[in-house]
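Reviewing the structure listed below.
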Amino acid sequence: MFLRLPRLVRLTILGLPPSFLWCCAAESPAEFFAENKNIAGFDNPGKSLYTTMRELVENALDSAESISVIPDIEITLEEITKNKFNTMIGLVDRDRIDEELYDDFESIKAREKRLAKEARFQETQAKNAALGKKVKEAPAARGKGRGEAAFFRVTCKDNGRGMPHDDIPNMLGRVLSGTKYGLRQTRGKFGLGAKMALIWSKMSTGLPIEIKSSMKEQNFISFCRLDIDIHKNVPHIHLHEKRENKDHWHGAEIQVIIEGNWTTHRSKILHYMRQMAVITPYAQFLFKFLSDSVDKNLTIQFARRTDVMPPIPLQTKHHPSAVDLLLIKRLITETTKQNLLQFLQHEFVNISKSHAERLIGEMGPDFSAKMTVKSLTSQQLVRIHQLFRQAKFDDPSGNCLSPAGEYNLRLGIIKELHPDLVATHASSPQVFEGHPFIVEAGISIGGKDVKHGLNIFRYANRIPLLFEQGADVITRTALKRINWSSYKINQQQDKIGVFVSIVSTKIPFKGTGKEYIGDDITEISSAVQSALKQCCLQLKSKIVKKLQARERQDRKRNLNRYIPDVARAIMDTLGEIADETPPKRPRYDKEDEELLEKVNSQEVTEMTFRDCLTQHVEQVWKTFSEKS
């Protein structure tokens with residue numbers, strides 16, 4: 001049954017609401033997620049296409065980084081028309097007999113009404129065009145129903161670790177069989193990965209998933225075609241064999257056919273790929289969209305900019321202040337330590353032997369250092385939990401975390417946005433509820449494909465967050481807690497890119513879909529604000545210097561503008577003095593007389609004075625610039 005302790009604990013760790021847990025006793029994990037697919041981001045066909053692509057890309061990155069290989073990932077979305085899909089599954093198309101039976105049927109009266117509305121719209125736009133007013137595009141026709149189903153073959157190929165041949169069916173065909181349940185910084189939100197894509201494929205097309213995989217130094221490629229028995233939560237294997245590996249390739253290639261909607265989520269998918277290219281400039285992505293309509297085809301390559309990869313996140317032990325009763329029970333079930341003293345000392349961070357002895361003494365007379373840990377009663381476990389919540393412990397270190405790094409963040413921003421100015425900052429490790437976290441921030445000014453105003457890019461454990469932006473702590477901090485004008489930045493007119501990446505062993509997501517980080521954790525809110533302000537201070541210094549240089553340039557330009565008039569006035573004055581007869585002309589020293597003679601002989605002209613004044617302005621400008 002699904003209510004066995006490890007699975008219940010796993011669901012709790014996944015962050016599912018308690019209201020969902022009771023129903024798992026009568027159904028398998030696969031059934032639970034099939035019935036509540038919106039939890040994992042499969043709300044509708046468009047969102048499902050986006051989530052499938054995202055899960056496969058993140059799995060591919062994890063796979064390559066786990067063996068310290070620079071990721072090289074290919075993603076292909078191939079549109080499959082309904083006719084082609086029917087041919088694939090052996091279904092013969094039939095012509096419609098009763099048109100009124102269909103959801104997209106339009107009666108004669110409704111058609112006349114629609115055409116009249118379109119005619120009025122076109123007439124209004126023609127009048128606006130004649131008056132020089134802005135002309136709007138005609139609104140897209142909206143069907144009242146679900147519309148024609150669209151299917152897509154999603155393929156993701158990487159150069160990562162690959163999967164052991166015998167483990168492939170369970171790794172992809174059994175829900176909650178993964179290894180993402182330890183305390184570690186991970187990209188995944190639920191630990192489902194491609195499994196949820198397989199469930200959606202089973203629900204929307206009924207077609208199996210295909211996997212090719214090979215590990216390093218392996219002379220064969222594993223090929224597996226399988227689907228999932230949702231009721232039993234077991235893989236259903238169609239074909240599982242070994243094939244020759246002539247090219248000595250290692251990695252994985254996963255192909256799944258699902259129902260989706262490219263039109264509604266095209267911008268989200270491309271935005272996701274661009275954001276992923278920013279946070280992982282050491283990876284190379286090749287994205288392709290293929291369709292029977294040639295004009296819809298799309299190929300984008302996000303090139304690698306560096307070979308510097310972040311370190312692999314380290315597994316760490318739980319901090320006493322961050323555990324709950326279920327987790328304490330699970331740790332006791334899995335521990336190899338015999339007595340309570342060893343259990344406290346070795347299963348948690350920041351509990352030394354002396355500290356553990358003091359804690360046991362504080363628990364009461366019913367506890368002793370040598371008592372068997374597996375003999376603890378429910379009441380004793382509650383006492384331990386209460387003491388953990390009340391006692392003082394040193395904060396956990398951030399050594400287990402793997403942020404992108406300022407260097408990579410800056411490179412990614414420059415690579416994808418080409419801004420005029422960029423500043424980055426990484427905070428020192430901080431703690432909330434016993435979990436360490438690090439905030440990295442970047443702010444850019446200017447760039448290509450950047451809108452005027454604030455363009456906010458949010459990341460959690462180095463994956464982009466694209467939905468429910470308004471409630472996120474990053475968005476609220478950027479909009480409400482940063483006084484942009486005080487840093488010489490115009491919030492309305494400048495093209496501002498705001499990048500914030502938060503990494504932690506536990507990201508405090510809000511909502512069942514885990515699409516945003518709440519604004520109710522003071523430690524995180526303050527860290528985000530501080531990191532953005534540090535970036536703003538860097539930018540202010542650069543902007544002030546840029547403004548000063550512009551002002552100096554303006555002054556220089558103004559001086560150069562008056563040089564012809566000044567040179568002409570000097571030449572006219574000297575010409576008048578040189579024309580005076582000697583008795584009337586006052587006496588000048590030898591140097592001035594020589595100058596007058598040169599003016600008379602036209603050895604010194606107006607152009608001579610222009611050149612001299614220009615050189616003088618340049619010299620003064622150079623000296624001033626060196627001092628400043």
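Heads up, the Cβ atoms here are built off N, Cα and C, so glycines get one too.
As the structure is a computational prediction, the values presented were derived from the model and not from experiment.
Annotated in TrEMBL:
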type	residues	note
BINDING	ASN59, ASP158, THR179, LYS180, GLY188, LYS189, PHE190, GLY191, LEU192, GLY193, ALA194, LYS195, LYS514	ATP binding site
DOMAIN	396-555	domain 'DNA topoisomerase VI subunit B transducer'
SIGNAL	1-26	signal peptide
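Projection of TrEMBL feature records onto the structure.
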| residue | record | Cβ within 10 Å |
| --- | --- | --- |
| ASN59 | ATP binding site | 22 |
| LEU192 | ATP binding site | 23 |
| ALA194 | ATP binding site | 24 |
| LYS514 | ATP binding site | 22 |
